[in-house]
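In what follows, a single structure is set out as structure tokens and then discussed.
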Amino acid sequence: MLRRKKLKGFSLYDFVICLFVLAFAVLCILPFWYTFTYSITPYADYLKNPVSLIPRNVTLEAYAEALRFPLLTTGFINSIFIVVAGSVLQVLVLVMTAYPLTKKNLKGTKAVMLLYIFTMFFSGGIIPEYFVMQKLHLINSLWALILSSVNGAYSIILMKNFLSSISESLTEAATIDGANDFQTLFRIVLPLSKPAVATMFLMYAVVNWNEFFKAIIYTTKRSVWPLQLVLREMILEGNMSEMMAANERTVFPFSLQMATVMLSIVPIICMYPFLQRYFVSGLTMGAVKE
């Protein structure tokens, strides 16, 4: 009976919305499927039908060839380091910055928030930031990419709103029991903030994994290039032929390009299932303050 009632309540509007969502999902999935299909398509099949989305034959030679390229391996290692070290440091600084701003009896919090909001509209610019990194001797260092992204104003506002939704009675009880501010933060507030922390970690991880612009500015040595710069070098600069010549192999260049793109996509996609249960609640919790 309940199922019949649900079917009767399925209106034409719901049907149109479902079609729209389905079409949007197909548009999102199609580029990934196209990339994956041509990464496993043999050259002979590509010549017969260049626009086929269902491969007749499958080959993994392009992936094997891509993984033999030393610069690609270096890019993977550098990007993984940026994601892990950068995201952990950024979330840690974010929580430690946002938590004091939730204190109502702390003077100057409104002024600090106004300063953060001001930086959202008027930043210092890339040239002063470059000079700072140069003075700190961080040019051609992965830490330049990490430290330049720490303490974003937008993230602080989101985290502050979330932490403000935590009951003050919990922190007051911890203070009465003798806990200092750091103990209250890491033993009471942080465990209750898992959804927000997981959400911000995932957002930072995606940004760090796709870091490209700052990598061009701060890195010139290939040994410190993140994966995105390596992909640019391999695809746009025509290094596919050099790559195959170095390994004395012949692989369809287009399949090799698609394989390298797929290899760069898969790791960050694999992170989402582990943080998915926190992601939606982390985005919505703190939006409405009771």
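Backbone N, Cα and C atoms are what each Cβ position is placed from, and that goes for glycine too.
Here TrEMBL flags 76-275 as domain 'ABC transmembrane type-1'.
Feature annotation from TrEMBL assigns transmembrane segment to 12-34 (among others).
TrEMBL lists 76-99 (among others) with the feature transmembrane segment.
Same-chain residues lying 6 or more positions outside the transmembrane segment (111-132) and placing a CB less than 8 Å from one of its CB atoms are 101, 148, 153-154, 156-157, 160, 217-218. The annotation transmembrane segment is assigned in TrEMBL to 111-132 (among others).
As annotated by TrEMBL, transmembrane segment applies to 138-159 (among others). For the transmembrane segment (138-159), the list of distant contacts is 78, 81-82, 85-86, 89-90, 93-95, 97-98, 101, 113, 116-117, 119-120, 129, 193, 196, 200, 203-204, 207-208, 211, 214-215, 218-221, 224, 226, 286: same-chain residues at least six beyond its ends, Cβ to Cβ under 8 Å.
Look at TrEMBL and you will find 251-275 (among others) tagged as transmembrane segment.
Outside the transmembrane segment (251-275), and at least 6 residues removed from its termini, the chain residues within Cβ reach (under 8 Å) are 32, 35-36, 38-43, 46, 59, 61-63, 65-67, 72, 76, 80, 83, 198-199, 201-202, 205-206, 209-210, 227-228, 231, 234-235, 240-241, 243-244.
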